[in-house]
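So the structure is just underneath, and the comments pick up after that.
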Amino acid sequence: MYDWLNRLPKAELHMHLEGSLEPELLFALAQRNGITLPWPDIDSLRAAYDYRDLQEFLDLYYQGAQVLQTEQDFYDLTWAYLQKCAEQNVVHTEPFFDPQTHTDRGVPFEVVINGIGQALADGRRQLGVQSGLILSFLRHLPEEAAMRTFEQALPYRDAFIAVGLDSSEKGFPPRLFERVFARARAEGFPAVAHAGEEGPPEYIWEALDLLKVSRIDHGVRASEDPRLIQHLIDTQMPLTVCPLSNTRLKVFEHMSDHNILELLEQGVMVTVNSDDPSYFGGYVTENFLALHEHAGMTREQAQRLADNSMQARLLK
Ligand code: HPA
Ligand code: ZN
């Protein structure tokens, strides 16, 4: 089954480049940049990959991202991910990056976007992986900071295709970012937002009504609101669901409790994605495989999920 799932042509629409930093590369970059890490070795870092919730994961993710300093570092990170895409027949990807995670510790925006952008260009040419980058704002920081980041990004407008919203969800509703999303829309950028991962269905409504998003990232808590589910079906609004992430962050206790297949059968436009593959135990194929092994996903369902991912691309 792994090989069959691996061969399916797929698009990945929800992954954070910083979340594909494998422990081996993290240690190699720390050494290259003369950074002392709080973990003595790779195994003890891996042992820390055990989270009670989103925030515990994010603390580790932001700490790990500190080894990324030079253009070459961002290139190497992105290139490693694109090679995985090629291995897993992910023919199209729309990854996130979090500029504020880097600019707030003094890494110039230009360094980040050039390193990532060069790798994406090489991925298209050398690996045949199509891609469009999504600039994501950190919601635990004020909207003014997101606005400054967007203005900083505008000179590089050809390097990204959309804006997004991520980081700590609870207590940071989408409505706080209405102005920066309006500004991005006025500049011609479509939007996506994380909503309904740990936050309530109201956050999904806000992302739709106020941020005017083209996709919802996660969105699994929509199932608590029947009117919202009907709306998602009627509008065929894509949800970028991340099964391994949801179980590792305890959004669902077990993979067998996950609601993605129920949403699929109801007619919701759901897709399968890896979120932070290095931190959650797998890339796209591993996410499909987990659904097959623990939630009973059939080949026919896998095919529909893969077809949905191609259909829900922002960049066609
Ligand atoms: N949720 C919110 N923010 C994030 C995530 C996530 O799963 N991964 C990286 N930033
Ligand atoms: Zn995410």
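Heads up, the Cβ atoms here are built off N, Cα and C, so glycines get one too.
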Per TrEMBL: Zn(2+) is bound by H14, H16, D275, and from H92, H194, H231 the site also lists H194
Using Cβ-Cβ distances, find the residues under 8 Å from H194 (Zn(2+) binding site) that belong to the same chain and are at least 6 apart in sequence, listing them in sequence order. R139, G164, L165, D166, S167, E169, D217, H218
Listed in sequence order, the residues of the same chain lying six or more positions from H16 (Zn(2+) binding site) whose CB sits under 8 Å from its CB are Y61, P95, F96, F97, D98, S136, D166, D275, D276
Restricting the recorded positions H16, H194, H218, D275, D276 to those with Cβ under 6 angstroms from ligand 1 leaves H16, H194, D275, D276
One should report the C-alpha separation between H14 (Zn(2+) binding site) and E197 (active site, proton donor), rounded to whole angstrom, as 13
Should we count any of the recorded positions E197, H218, D276 as near ligand 2, judged by a CB under 6 A from one of its atoms, and which? none
